[in-house]
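Participant: Quick one: structure below, then a few questions.
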Amino acid sequence: MMMMQKSWKSFFLYFGIGIISIATIYPVQKRAIVMAIENENVQLSLPVEVVTILSLMNPLFLLVIGLLLGMFLADKVQLTSFLFRNWEKGSFLTGLTKGWKQGIGSGLALGIFMISFDVLLRPWLPEVFQSSFEQPQLYDLLMAILYGGIVEEIMMRWGLMTLFVFFIWKLFFRRKSTPPKYAYIIAIVASAFFFSIGHYGATATLTEMTPLVWIRMFILNGAGGIVFGWLYWKFQLETAMIAHIFTHITMFIITMILSII
């Protein structure tokens, strides 16, 4: 009973952080809606601000589902979160520091890889992706850290990947007392695939979906999804969050350097 009470405290803590994080994407979402209205030449029956707020209900709903799935299934498949598990067991310092070096290192490597990919393909990329060579904005970094590093990891790793591991285990390996490593590997790849697909809407809003744009979307987001999933499996959810956050920080720093040279 006490553990469940603490789990709900962790749930509402992440839920509160998630609401703030989702709110940061309001300007981007509003701009995308305005662009869609102009391109399609349609009239809205509601103010664009109201439509934008309503559109944010979708990630909010997915955040709640992700939190609930992880809270009730992660223990069953031997996946963990510092806030949901280590904190409850009293090992605060141990849980806090678990996997942080691997998270930072993975984030640095991913950030360098993603910028290098765009640099190498710069001559063939649409103009919208030339932003890798323009002065980055601090607000964009804040949005990427909060929404990407926290909300997306709760949705895709704590929620979806955990659910995949559970289903694969129960459907194909039910005789085993715990999920085999194949269940985690398949779940990592599957959640990385959906993580990539989840970026289709934002990408399609920015540019035409050419074969190269599709390849870029799957390679960059897929690589991130696989690394974040592996870190969640081997360490904890927060390690994946750290890696995701430092990926964006690394990209921000490199982009800033490229913009002034």
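Just so it is clear, glycine is given a Cβ too, placed from its N, Cα and C backbone atoms.
TrEMBL labels come from automatic prediction, so no person has curated them.
What you see is a predicted model, and the numbers here were worked out from it, not measured in a lab.
Found this in TrEMBL, in case it helps:
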type	residues	note
TRANSMEM	12-28	transmembrane segment
TRANSMEM	48-74	transmembrane segment
TRANSMEM	107-125	transmembrane segment
DOMAIN	137-248	domain 'CAAX prenyl protease 2/Lysostaphin resistance protein A-like'
TRANSMEM	145-169	transmembrane segment
TRANSMEM	181-201	transmembrane segment
TRANSMEM	213-233	transmembrane segment
TRANSMEM	240-260	transmembrane segment
Participant: The transmembrane segment (12-28) and the transmembrane segment (213-233): do they have three or more Cβ pairs under 8 Å, with pairs 6 or more apart in sequence?
Facilitator: no
Participant: Take the transmembrane segment (12-28) and find every residue of the same chain, 6 or more past its ends, with a Cβ under 8 Å from one of its Cβ atoms.
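Facilitator: Tertiary neighbours of the transmembrane segment (12-28) are 52-53, 56, 59-60, 63-64, 67, 83, 139, 142-143, 146-147, 150-151, 154.
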Participant: Can you name the far-off residues of the same chain, 6+ from the ends of the transmembrane segment (145-169), with a Cβ under 8 Å from a Cβ of it?
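Facilitator: Non-local partners: 14, 17-18, 20-22, 24-25, 59, 62-63, 65-70, 73-74, 76-77, 79, 81, 176, 178-180, 182-184, 186-188, 190-191, 194-195, 198, 225, 228-229, 232, 237, 240-242, 244-245, 248-249.
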Participant: Over the domain 'CAAX prenyl protease 2/Lysostaphin resistance protein A-like' (137-248), work out the mean pLDDT and round it to an integer.
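Facilitator: Mean pLDDT for the domain 'CAAX prenyl protease 2/Lysostaphin resistance protein A-like' (137-248): 94.
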Participant: Could you give the number of helix, strand and coil residues in the domain 'CAAX prenyl protease 2/Lysostaphin resistance protein A-like' (137-248) as assigned by DSSP?
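Facilitator: Going by DSSP assignments, the domain 'CAAX prenyl protease 2/Lysostaphin resistance protein A-like' (137-248) contains 95 helix, 0 strand, 17 coil.
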